[in-house]
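**Student:** This is the feature table in Swiss-Prot:
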- HIS73, HIS75, HIS243, ASP318: Fe(3+) binding site (BINDING)
- HIS73, HIS75, HIS243, ASP318: Zn(2+) binding site (BINDING)
- ARG82, TYR145, HIS178, GLN246, THR323: 4-imidazolone-5-propanoate binding site (BINDING)
- TYR145, ASN320, GLY322: N-formimidoyl-L-glutamate binding site (BINDING)
Amino acid sequence: MTKNSSTVFTHARIATLEEKAANLGLIEEAALVVKDARIVYAGPENKLPDEYASFEKIDCGNRLITPGLIDCHTHLVHAGNRAHEFELRLQGATYEEVARAGGGIVSSVRNLRAASEDDLVRETLPRLDALIAEGVTTVEVKSGYGLDRDSEIKSLKAARRLGEERDVAIRTTFLGAHALPPEMNGDKAAYIDRVINDMLPAIAEQGLADAVDGFCEGIAFLPDEIARVFDAAKAHDIPVKLHADQLSNLHGAALAASYGALSADHLEYTDADGAAAMASAGTVAVLLPGAYYFIRETQKPPVEAFRAAGTKMALATDNNPGTSPLTSLLLTMNMGATLFRMTVEECIAGVTREAARALGILDQTGTLEIGKDADLAIWDIERPAELVYRIGFNPLWKRVFKGQI
């Protein structure tokens, strides 16, 4: 298929993921038409308009078409790994002991600062390729391991380059308020000053951030410190999102909602009031079962409270070197179901429609509706539940990005 090709996918089953449709919007004996990288028809094959008769045809053999998958929370750009720390923790070392030995996020900061932009792109591409191989068409990538202006800019530029190296959409997020760098000697107020007066203006001027994020936690930054960052982001007209309530309830979910955040992420310790605030604000709950699993957390996010409040839920890998070295959205869906008791429908919507909502791009992608980008994943499966049920098996038949296979 060429960039401006016109193609009909025939003999398919289609899960449109439309907002109000039941059963994932599943249409049997369906066809989907792509023209100029957009979806122009998705519906019963026997109602296919005659105007598409001359288009190139691809027989899907009764396979299932879903929207291309979206990984809406990653720290994909990083240098090195922390496998040695993993071994130390298995031997009983605490996080504090690892940090005192020069590990933890400090080691990731040290590695990233030492790497060139080219190094970062080269090291990140295999992780990105692993996601693409599972039908992922959009990936969010955060900075946050540089923690100074030049290194944060380097990270975001490397992330943007990933979208030039591969057929994938990249959404970049500035996460300067991720941790306190060692050179600040514990002075969080002075560091937040740097984030809002030095880093953010330079990043905004270069148009490098689609969103601004922060880590609201006792080991990172408190709500009043995050609020300063969010006020600055709003002044630059950049939407916000937040790592919230992962290790304790600092009411980060409610803070995110008060700023109309695109999403609040992690949320293991969020309470019912936080869930309700998010629902009212339209803030998506991005759940990250990979991190929950990897750090052996026991407090589950309040899925029932999110359901009761009507809070939208997404799933993501949270790929990062310290707490979730995960590059599989398929496994993430299984974890969402088995660990968090999410339904099949919630899991699949969580890596398509709701993931798009969490990035503020639901008008472009995330469902198979007329006018949206032709980002598709075609699966050799009999029923949608297989995407969530299987572990370590990839049933992807074809991946289509903006109309191109």
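Counting begins at 1 with the first residue displayed.
For all residues, glycine too, the Cβ spot is worked out from N, Cα and C.
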**Student:** Taking only the binding-site residues HIS73, HIS178, HIS243, GLN246, which one has a CA atom nearest to the CA atom of ASN320 (N-formimidoyl-L-glutamate binding site)?
**Tutor:** HIS73
**Student:** Relative to the Cα of THR323 (4-imidazolone-5-propanoate binding site), which of the binding-site residues HIS73, HIS75, HIS243 has the closest Cα?
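**Tutor:** It is HIS75, whose Cα lies nearest.
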**Student:** Specify the nearest of the binding-site residues HIS73, HIS75, HIS243, ASP318, GLY322 to ARG82 (4-imidazolone-5-propanoate binding site), where nearness means the distance between Cα atoms.
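**Tutor:** Closest by Cα: GLY322.
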**Student:** Taking the Cβ of HIS73 (Fe(3+) binding site) as the centre, count every other Cβ atom within 10 Å, in any protein chain shown.
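**Tutor:** Total other Cβ atoms inside 10 Å, all chains included: 31.
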**Student:** If H, G and I count as helix, E and B as strand, and all else as coil, what does DSSP give for HIS73 (Fe(3+) binding site)?
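**Tutor:** Where HIS73 (Fe(3+) binding site) sits, the three-state DSSP reduction gives coil.
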**Student:** Tell me, by DSSP, whether THR323 (4-imidazolone-5-propanoate binding site) is helix, strand or coil?
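**Tutor:** In three-state terms, THR323 (4-imidazolone-5-propanoate binding site) counts as coil.
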**Student:** Other than its own, how many Cβ atoms are within 10 Å of the Cβ belonging to HIS75 (Fe(3+) binding site)?
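**Tutor:** Other Cβ atoms within 10 Å of HIS75 (Fe(3+) binding site): 24.
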**Student:** Validating a neighbour-count step here. Other CB atoms within 10 A of the CB of ASP318 (Fe(3+) binding site): how many?
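**Tutor:** Its Cβ shell of radius 10 Å holds 27 other Cβ atoms.
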**Student:** Out of ARG82, HIS178, HIS243, which has the highest number of nearby Cβ atoms, where nearby means within 10 Å of its Cβ, if these are the binding-site residues?
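**Tutor:** Result of the Cβ crowding comparison: HIS243.
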**Student:** At a 10 A cut-off on CB-CB distances, which of the binding-site residues GLN246, ASN320, THR323 has the highest count?
**Tutor:** GLN246
**Student:** List nothing but the largest Cα to Cα distance in Å, as a whole number, among the residues TYR145, ASN320, GLY322 that the record says bind N-formimidoyl-L-glutamate.
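**Tutor:** Roughly 11 Å, rounded to the nearest whole number.
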